[in-house]
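Features as listed in TrEMBL:
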type     : residues  : note
TRANSMEM : C:9-33    : transmembrane segment
TRANSMEM : C:53-69   : transmembrane segment
TRANSMEM : C:76-96   : transmembrane segment
TRANSMEM : C:102-126 : transmembrane segment
TRANSMEM : C:133-152 : transmembrane segment
TRANSMEM : C:172-193 : transmembrane segment
TRANSMEM : C:227-243 : transmembrane segment
TRANSMEM : C:303-319 : transmembrane segment
Amino acid sequence: MADVSDKRPATSETGREDSKMAGLSKASVGTFLAKQGILVAFVLFIIGFTIANPRFIDPDNVLGVVRSSAILGVMALGVTFVVISGNLDLSVGSMMSFSTIVVLDLHDKIGPALAIPAMFAMTLCLGAFIGFLVGYLRLNSLIVTLGMLSAIHGLTLTYSGGQNMDIADKSGTWFSVFGQGEALGIPVPILMFLALAAALGVILAKTPFGRKVYAVGGNGTAATFSGIRRARVVFACYLISAFCVACAGLIQASRSLGSQNTVGQGMELEVLAAVILGGASLLGGSGTIFKTVIGVLILGFIQNGLLLVGLQFYVQYVVTWIIIILAVWLDIAAKRGRLWSPIA
Amino acid sequence: MTQPALRLEGIVKTFPGVRALDGVSFDVLPGEVHALMGENGAGKSTLMKVLGGIHQPNEGRILVGETPAVMANPLDAKGKGIVFIHQELSLAEELTVAENIYLGELPKKRWGFVDWETLYERTDRILKTLRVGFDARTRVGTLSIANQQMVEIARALTVDAKAVIFDEPTASLTDAEKVVLFDVIADLKSQGVGIIYISHRMEEIFKITDRISVLRDGQYRGTLNTAETNEDEVTQLMIGRTLDLSRNTSHHQLGEVALEARGLSCRGLFEDISFEVRKGEVVGFYGLVGAGRTEIAETLFGLRSPTAGSIHVHGKEVRIHSPAEAISLGISLVPEDRKSQGLVLGMNCRDNMTLPQVGELSSGPFTAEGAEIAIFEKYREKLDIRTPSWKQTVGNLSGGNQQKIVIGKWLSMNPEVLIVDEPTRGIDVGSKSEIHNLIRELASQGYAVIVISSEMPEVLHVSDRIVAMYSGRIMRTFTSEEVTEDNLIQAISGIEPGKSAEREPVSA
Amino acid sequence: MKPGTLSTFLARGAIWGFIVLELIFFSIAGQFFSVSDNAFLDPANMLLLLKQSAPIGIIAMGMTIIMINGNIDLSVGATFALAAVVLLDSMTWPFMAAMGDWAIPLAWTFALLTGAVLGAINGLIVWKTGVDAFIVTLGSMLGFRGLVFMYNGEQPTSHLNWTLVDFAEAQFLGLHTATWFLLGVTAVIWVVMHRTIHGRNAYAIGDNREAAINAGIRVGPHMMRNFVLIGFLAALSAVVFYSESGSVNPNDGQLYELWVITAVVLGGTKLTGGSGSVISTLGGVIAIQLLRKGLGHIGADTETVNLVIGLILIAVLFLDRQLNVKGKEALRT
């Protein structure tokens, strides 16, 4: 490969430069929208829905929305780490079913105080397995977690024998506190969601580990060349994801005190939608916990807002679809400096 | 006087901050093999991209035959009869030879079906003229690199080519394959096609070309008749003396041996490499691209496992399994490809610079942002990195400033051994000399430095000793007193003093 | 042998070897564990197996093209459901009901058109916005599902037409209607991929996109056509399946995308595009269905099948990687 070298500035770079000069004002509006567009959209939504139905910003309603988003939200926090590190996790839905079923089953067998750590340990093992496959063996994360989605689903069914799992004495257990309890007038699931978001947000933004996650996702080769142990970072991201899933399973189990085997089915894609809506790139290296929280809340508020104006829950699917595509489209349009793709 | 097949008139191409091509004019006659020479960074690739329609020139014009031509895109260029044989092959490996040759132009039957008969018939006809040993139905992925190159050449023959441009075509060919290639070029020549032949290899240039045009620093330096010139004259024209690239003459006290390799080998890449670097010394590794220099650096940095030999740091044998281990032994690598290996382009300047030590800098659980900024500011001043602030995304900086960030990243780690691979590739002249001075300065401060470069003046300028490599082996090690441009060029071309035969290359 | 040749060979042949292994294993294991008296290799059982492979199989043919082309489609399950709703509901429209059995081809046309339009929407968005197909179809997976619900609320849509049921349950030369559709689609897609300009260009785009663009192949229209095709095939799958069952729940087809992708990857199609074959995909589809039935046959919980398939998928990925890495000078990055 002789002359890869006459690399004066590369094509793409100069192309971008040119278009920037052509429409500076347009580009800066675009950049602003790309950076803060999701917040702007969020605010517009809230204003719009509030006009349509003032009950929308009623504190009770807001709490209700956040509460019902908490399970999805907690899972999205973990997936944010995985996505920033440049991978995918499609297994969180069935993993959540798994932890819910396990903790409910063990609750009656060994008591809640032991059931909870046991469930966390088992869920983390699953996370570690995925982390090993993707991090150390460098297998494609889409296929690995797709396989794990199916495998964990099978594991759950095998574990439960296909039966629904219920706690025998639903009124006499303190276990319900995680899903149904309140502290300081705020539901516990919300507190858990916010506490986890704060903790993980700090880890991602303020610790050396967080910096390494961005580096590995942004340019894995350059990260390795800087002495970062890439496999270890990816592994840790999947552990964090599994931890979040365990927390979500705990809330889910505690809220209903009984569950089907398929309680988390399909959530992996909703979670991913929330993370993408928050502006994380599937290519890795970008996204924040704060933005993911916004993404989760947008999904929650859309659903709630549409219900309040009298539309069925499924209208939100269509609205979410449109919003996701618009959000990602505007994001990349701002980056490439033109609205339509250059694909011929 | 014959009408030129292709004529360039005053081509200027600027990029922000760089004048990549500055008034390049020459012509290629039909039936002529015209060499285009110049050092890395001289503007050859940019010129080819202009010809191929990837870049549009800011000034000047291109004439194909008599008509001025504007190439909107690669397809357009091909349509106008300008065909490229790239060194990086652009083939679809899962498809057959025939499909690749007629990619985008498969003969059609009704209903959108492929007319295979016509396709294979046409392809076989072309392949026959090339006298290759495979047929139209072969899957391209199963062919050797040389044969894949033949497929590219066959593709060029499907159009009425006015000019065919070969970009380092022999880089990965064996001697036997080269003979076939030169035959094909001779055939094209006899058909009246104009050929631009880009290569660094003097002996090939003098064997097959009719004229030689030389670029230096984006400027056209002249055209010579091959029959009337010699290697010295061409080299003189290529190297020039625009920069202060005088020989390194400074001598200071050398310290102990910081790094030593003994019989280091990596199968298929390099063999029996032994050298040492002392504190305060700059050792230059010079050779053609593909001679195994980068691979040695990668091995020293823990990115490859050697198949034989040993590495010694401060006299102690070490095994290095990862960059992290190399770093902890005090070895740093400024990699060859800044963008894909050196930097996380989406991150800011500070984070890039402190990336290897982000964990070490923090005393508690959190990143020590203050200390990181301090490091960045220190090296910004020291290396004169021009950026509005540490918050700037690295991808937005110029090449020179990006390279300084990478260098700063490693200097701030206080390494014992600093390996720099192509330190000035793709950066402007001013930054080049700053980086050269910096390398000398580092040596005088007691760093052991290894510089890998494909630019001879650079190696001569910065090195205390020069290791000349050819095909995975060390041919000779020169001190700065012994070395001349001639004996260096001979060494990296595989010619040993007193012997004429080439050594057996490690990688065929 | 060039690196990759062995793995390509294995990728193409391995799936059939795997099917044979499954057959042997379940036949032998069936002797000891089987709950039923029938042999596993009973012809009727095998014919049923082919029939049951059809819904996933037909979509998998489309997914193979999409993936060879270098894209992915996560919305096929929702497209499947919406086409089914259109199929069954349209037959209850007054003017259609009045047409008697002539309503059938019309209903089919409506359903297939629905699928093609949904596919076109995906393709157009991918083409014109440049957003990654993964994200686009992730979004439309939700969106199309929303349309299913909006059409008929949370109620199942039912319409049983006995002519249709008879047609769907018919056997010709021993094979069920659904099987014929599966084989027919496989043959047609094979011809498209191997004999038409569109097919060859789709390979080229997935293999080396830049080279394809430089050769003047227009990437957008090809992607678009493939998305229309997969939408059409998802609808065809629904037509075949619901002609017989006559009732569709709004949640039907969920997770189909995952089954389909699993089958395609088992068949050896590369995620990165450029390589793959519909014949191997057919093998992948049959292998999964065999596993499902076989595990049931030996008395294992049907649930185990998920576990086994998931692990097999990962194992295939691992083996493929090992075979590909070997011999190449790997840089530890």
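The backbone N, Cα and C atoms fix where each Cβ goes, glycine too.
Here the transmembrane segment (C:172-193) has Cβ contacts under 8 Å with residues 43, 47-48, 50-51, 53-55, 57-58, 61-62, 64-65, 68, 199-200, 202-203, 229, 233, 236, 240-241, 244, 277-279, 282 of the same chain, all six or more residues outside its ends.
For the transmembrane segment (C:227-243), the partner stretch with the highest count of Cβ pairs under 8 angstroms, out of C:53-69, C:102-126, C:133-152, C:303-319, is C:102-126.
Spatially, the transmembrane segment (C:53-69) is adjacent to the transmembrane segment (C:76-96); three or more Cβ-Cβ distances between them are under 8 Å for residues at least 6 apart in sequence. Through the fold, the transmembrane segment (C:102-126) approaches residues 71, 73, 75, 79, 82-84, 86-88, 90-91, 96, 132-133, 136-137, 140, 144, 161, 163-164, 223-236, 238-239 of its own chain, all at least 6 residues removed from its boundaries and within a Cβ separation under 8 Å.
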